[in-house]
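First up is the structure itself, then whatever we jot down about it.
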Amino acid sequence: MERTERTPLLVKPSTLAPHIFYDGQPTRGASRVSSSVGERRFAKLRRLGANPVYFYVTKKVRNVKETLAKTLSVQSPRDTAITAVRAIPAVLLGCLLNVLDAVSYGMIIFPSTGVFSGLGPMGVSMFFLTTIISQLVYSGGSSFAGANGSMMIEVVPFFHIMANSIADQIGEKNEREILATTLVAYAFSSILTGLAFLLLGVLKLGVIVGFFPRHILVGCIGGVGVFLIVTGFTVSLRLDDGSFSEAPGETIRYMFKDMHSISLWLVPLTLAVLLRVITSRWHHQLIFPIYFIIIPLVFYIVVLAARLDLGDLRRAGWLFDVGVGSEVAWYQFYSYLDFGKVYFAPLWKTLPTQFALLFFNILHPPLNVPALSVSLNEDVDTNKELVAHGFSNLFAGLAGTVPNYLVYINTLLFYRVGGNNRIGGFMLALATFGLLIMGTQPIAYLPVMVVGALIFVLGIDLVKEALWDTRHRTSTTEYLTILSIMVTMTVWDFVVGVLLGIVVCCFFFVVQSSQRRSIRVIQTGDTAMSSVRRPSLQREYIREVSKQTTIIKLQGFLFFGTIAQVEEAIRDLIEAPSWKHNPIRYLVVDLSLVPGVDMSSAECFVRFQRLLYDKGISLVFCGIEAESPVGKALRSVDLLGAQGVELFSTLNDAMEWTENEYLRTWYNSQKPTATAYTIPNNKLHDTEISSLARTPRNIQLRDAATKTLAYAEHNKHDFFEEPFVTLSKIFSTFGDLSYSELYPLKSYLERLVLAPGHSLWRQGEPPDGLYIVESGVLRATYDFAERTQNMEETMFPGTLAGELSGLSETPRNATVVVERQAVLWKLSSENLRRLKKEEPGLAAAFTDLVLKSAKVDYDILLGALASRQ
């Protein structure tokens, strides 16, 4: 693969360094490692037992080094210099954004009270350190060549919770122990975040995480926004972190105590509101950084013009007091990172907060990366970006600093100012390292109003995003969830707020899901007959009696909230007045659109079965297999083996079974010698055979048979030989048949005896005629478009096969094979043409009867197809 300076350094394993060894041999197509260094490297790998984690990490690091060298080598020194010069404006903008973020958010990584007071500069150093690490990793491994990384600022509230919890448990007197434990907790959050991102990326679950309910994340963002607004007041007024929560009345009175107190918070708040007024009219990307450059310039112009003393301003709260004259090195926080002083019991108790922080962290990249991809018109792999996030956070945790991520707005601005290359990204990391080396002493000369305004701006933006921007985009329940999360986070606790959001979301989901229709449709059997081709008299009989079959098609996951609708519908079917108007014999429940059934629903089906059995109704399940999730759920409550319960894989099979049962019931109530194509007896209805006139269902059954089957028994045509007996079964409902008129047809027919498995024709083949089924069973398979389930049709004796394509001389639309040994009468295409020429009257009459029969057959087939929807 040709490498350019835009090629990712952390690439997929299949695209780089194919020297993968198994049992000491390279895989096929892999080039052998010729250098002694390579041989020693893989010898070491084999000695370690080819540990996959070791292999994965070392390979990624090796890829970074190799690709970095090639990235610089693909360009001439002159081109590299030109690219670097063109990236200088983007690097300057990136540095400015990093400084603004550091002094606003790095300053509040630690609480401002107790043992944590005065640790703002140390927080800034940790901010710069994680920013540098993330910048290096993303510049080398992200699909975005100009990606900008920074600290994950939304987790600051969780840091304060952990820090205060640790301080309370250890005791304020043990300052070194508190700081050591807190720093380890912060670093552990980075490691935990890195492992989570790495796992999500390797398992390719980035898209799934992106489907997490958006309104919960919005509510958390709104809660962070409120926290930042409150933090803006505390930073501007130099108050303790817990002032608003512990003594809100006293704090508010202090805010309005005098003009000096009011001006301390009103000036930054006004600056924040003014910026949003400006950006609502003008939308240029440079307005934000230029605005915060102008503020300190104007501040010092006023200071110089009024000849104000900086010490007095610092004591009055207009400048930060970080100990002027006592330089603090950026690596000072490592002096507190003493593992010998770490208290593991308080650290262990921070795990709930750690997991809440992790939950909040993992939702950002799956949302930011696709959004950035759309904004920059670049196709990226979210899972690959998650792997990069995993490494950057792991490295940050090992370096003892806080979590980081790819920042959407910073990256977008960096691109638009010309930083769309990896050289610019590495230059930004180098420049940020220079800012880190400079130390935190310049912060002492930064106006507090700049930091306060920055915090207010972000807080107002997040609250606006959560409450104002969603007012017309969310449902009432979603908006209430957002509001409840924000209130809980503000009044009680951030962890509780996240958990409440999940609980409320689940509650509303259950309520909304229970209101959705779990019943797709309810229909009777005469509107969804099976695709079995039967003699016309049997078909007419089945159409009449199938009104006693009710089909209920269910949809969606069945749980305790939706099964109540099903129970109500079933009770309506078997209770007056519905039962009096239309008594049912079979209840067919189609579960093909049901992905799962919970225990409550399965138990309800057991209750349905008992209720139906008492009424003499068979419960027929279809659309599932016994080993499917739904089948296992029903089997777990011993439902599938209960009396009066049947199971079929498709609705068509279930309807075929009920139709056979109707035929069996009638024929068994007549002469013992009567025969029909049926399946094994259903014991539930054996007691009804000898008393068809005693119940409303049997009266309807008898009446239907009297009009069709029984009528045919007393009105038989004088046909005593084949194929005329079969033709009478096919066409008897379409008019009177005359033996003398049909007799010449026999000379044009050819009798065939075919064994099971014989293929009559395949779909798409040219027709060779039509067939009359005297005995046996044929199976037709209709093969539709890809990803569409095939349709099967059974042809019993007394039916036609291949009639439409045979008459129209068009390609076959199905594949037909013999299922049971069959005797067929074939009217070939050649004999059909000869019949039309020699016996035109007979040919016309026969064609008319065939078309009438085909029309009925295909209406039923189309109905069976429609019933699958």
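Quick reminder: no glycine exception, Cβ is built from N, Cα and C everywhere.
TrEMBL: automatically predicted annotations, no manual curation.
Since we're looking at a predicted model, the values are computed, not measured.
According to TrEMBL, the protein carries these features:
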- 87-110: transmembrane segment (TRANSMEM)
- 116-138: transmembrane segment (TRANSMEM)
- 145-163: transmembrane segment (TRANSMEM)
- 183-203: transmembrane segment (TRANSMEM)
- 215-239: transmembrane segment (TRANSMEM)
- 259-279: transmembrane segment (TRANSMEM)
- 286-308: transmembrane segment (TRANSMEM)
- 394-415: transmembrane segment (TRANSMEM)
- 427-460: transmembrane segment (TRANSMEM)
- 480-511: transmembrane segment (TRANSMEM)
- 551-658: domain 'STAS' (DOMAIN)
- 733-835: domain 'Cyclic nucleotide-binding' (DOMAIN)
With the greatest number of Cβ pairs under 8 Å to the transmembrane segment (480-511), the stretch among 87-110, 116-138, 215-239, 259-279, 394-415 is 215-239
Residues of the domain 'Cyclic nucleotide-binding' (733-835) by DSSP state, where helix covers H, G and I: 25 helix, 44 strand, 34 coil
Short question: which residues 6 or more past the ends of the transmembrane segment (145-163) have a Cβ under 8 Å from it? 5-6, 90, 94, 97-98, 101, 105-106, 108-111, 116, 126-127, 130-131, 133-135, 137-139, 182, 185-186, 189, 193, 220-221, 223-224, 227, 231, 241, 350, 353-354, 356-357, 360-361, 364, 392, 402-407, 410-411, 414-415, 419-422, 424-425, 428, 458, 489, 493-495
Over the span of the domain 'STAS' (551-658), how high is the average pLDDT in this prediction? 87
Between the stretches 116-138, 215-239, 286-308, which wins on the count of C-beta pairs under 8 angstroms to the transmembrane segment (87-110)? 116-138
Could you count the residues of the domain 'STAS' (551-658) that DSSP puts in helix, in strand and in coil? 48 helix, 24 strand, 36 coil
Count the CB pairs under 8 A between the transmembrane segment (259-279) and each of 116-138, 183-203, 286-308, 394-415, then give me the winner. 286-308
Are there residues at least 6 beyond the ends of the transmembrane segment (286-308) whose Cβ is under 8 Å from a Cβ of it, and what are they? 93, 96-97, 100, 271, 275, 278-279, 446-447, 449-450, 453-454
